[in-house]
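Look at TrEMBL and you will find B:CYS87, B:CYS92, B:CYS128, B:CYS132 tagged as [2Fe-2S] cluster binding site.
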Amino acid sequence: MKVYVPMDSAAKALGADAVAEAVVAEAARRGMTLEVIRNGTRGMIWLEPLVEVDTGAGRQAYGPVAPGDVPALLDGTLPGLGRVEDIAFFARQTRLTFARCGVTDPLSLDDYAAHGGLAGLRRALGMTGAQIVAEVTDSGLRGRGGAGFPTGIKWNTVLGAVADQKYIVCNADEGDSGTFADRMLMEGDPFTLIEGMVIAGLGVGASRGYVYLRSEYPDAISVMNAAVQIARGAGVLGPDVLGSGRAFDMEIRVGAGAYVCGEETALLNSLEGKRGVVRAKPPLPALEGFLGKPTVVNNVISLATVPVIFEKGAAFYAGFGLGRSRGTVTLQIAGNVARGGLFETAFGMSLGELVLDVAGGTASGRAVKAVQVGGPLGAYMPPATFDTALGYEDLDAAGGLIGHAGVVVFDDTADMLGLARFAMEFCAVESCGKCTPCRIGAVRGVETIDRIARGDAEAISLLTDLCETMKDGSLCALGGFTPYPVMSALTHFPKDFARRKEAAE
Amino acid sequence: MPADQPADQPAPTQAEISALIDGNLHLEGPMLPILHAVQAAFGHIPAAALGLIATALNLTRAEVHGVVSFYHDFREAPAGRHVLKLCRAEACQAVGANALAQDVLARLGVDWHGTTVDGAVTVEPVYCLGLCACGPALSLDGRAVGRVDAARLQDVLRGVGV
């Protein structure tokens, strides 16, 4: 008998460790033989800790499980959820990047290989660098970290650069509120990220890689470090990747709590040991990146999607999606929501279907007021925009951005003026300080919103003007995109800005 | 994980600091690994470390100070015996993080970044622990707690002796 208890940090934050201990203790008390496997999460966070029991006739799911439920769980009398694959939220997903997450033991390379792992790498080892880059280009994969830049074009630039050393840098500084896909993937299926980085290295001619991982994710750091050691021990990493005679090795580096280091040039400065200040582009990191050498900088999900593209082929992957948004998007449903978690699906589902149908609306049972899509720099979308399709171009046309595909739901008690103020305050705290619109603009933004809150209606035009300046004049997305949450709140929820005026009069 | 460890320890010696620096000098871009190692060992970055790091990396002391002061994680003085990080980001705000934070700060009698008078706990804001589907979230000494309600908060505060 096998019992799966997730070791994902969200599951642990909801008591998974105590459940795992209770399973071991209760089995010992009964003299039962069972194996407890700490898997990743299936991503249905409202059901965590979600325990699966395999008695040889398929995995049966139970959740949320408390330690007190364990005797009934082992008796087989605890009411269950059936198979995970049959739960509606899970059944309607297309799991490509997250196919193994929650299924396997994250640190078992054998389990990884048994579920399709390393097939992509083995195929890539028989290809030239140019063929590898072409495969990624043909898949239509775009940067999943937010910018949406075509991955194949970025890789091609690095492939064409001439240098004694090139690098693959994985941006695992997932600092956006409402996003946790990177964390979930690294904790639940770390080898797929490693495999993706090796393929990237083979493709562009880079023999070294780094994962820049934020310090707020201690569990992901320890899982990734362990996975790198295991991969090195098994010859997936090192001077002779899978006996091919080609070299690729990598390290995990830990950030130090600065949001702006999620911006790729600030990240590179931080990795080099400097202040995480944004660099002006050009030169592009693809030509002068880490230590001045040609560098691929890709997000976790982008790199972790590479293995499945090579396993199943570019055409298979490109067969999913909408317009120029190809493949799947790993939507992260968060905030005040009945069914929060990770939902991987082809691009193109409407925002309303996701929020009202898949996620089941708010947890509080109240009406949805706003949905922030794309992290703290993403727009607040009112229900009137719910027919917007989730794709790069569609969201852009609706005045938003998909960003890292975080979707944060707010009910009708949300104070949009307060949230707009928070966006400016966050920018002021996290600005790297290099450019004036961001450094000063954010501070002035907080002051201006406070004026509006005190009933000064004239300050609204000042705020609009300030946002224009920040949008056009900032060096990177932190200052440049902070106007998205601020202006969307002001535009879609004017009453929240005017009501205060009446209250003040 | 270089945790924010409590201090109340004797001042680190030059030899102890130098050993941590030397252990990381072979890395490409060794600065952050060195600072994490120093903070993990001593609970903060002692002033004495700045000059040693500067010499080892062929930088000025001011440049090292510039790096240390840029990052939220690095402390110039030790934290309390426990570090309580409360998420302030939007997803947690959507489920009551602001009220939770006010409650915690009031009960501990501190402001953000403050340490209780008995030195038991330091409260820090954090912008996202990746627990956005089970907020409001916090972490105590690196251990995460999700969907924090009155009962869970009571457990956490009991853990820091409140």
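For all residues, glycine too, the Cβ spot is worked out from N, Cα and C.
TrEMBL annotations: computationally assigned, not manually curated.
Predicted, not measured: the structure shown is a model, and the values here were computed from it.
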Most isolated by CB count within 10 A, of the binding-site residues B:CYS128, B:CYS132, is B:CYS128
Per DSSP (three-state), B:CYS87 ([2Fe-2S] cluster binding site) is strand
What DSSP gives for B:CYS128 ([2Fe-2S] cluster binding site), in three states, is coil
Once DSSP output is merged into helix, strand and coil, B:CYS92 ([2Fe-2S] cluster binding site) belongs to helix
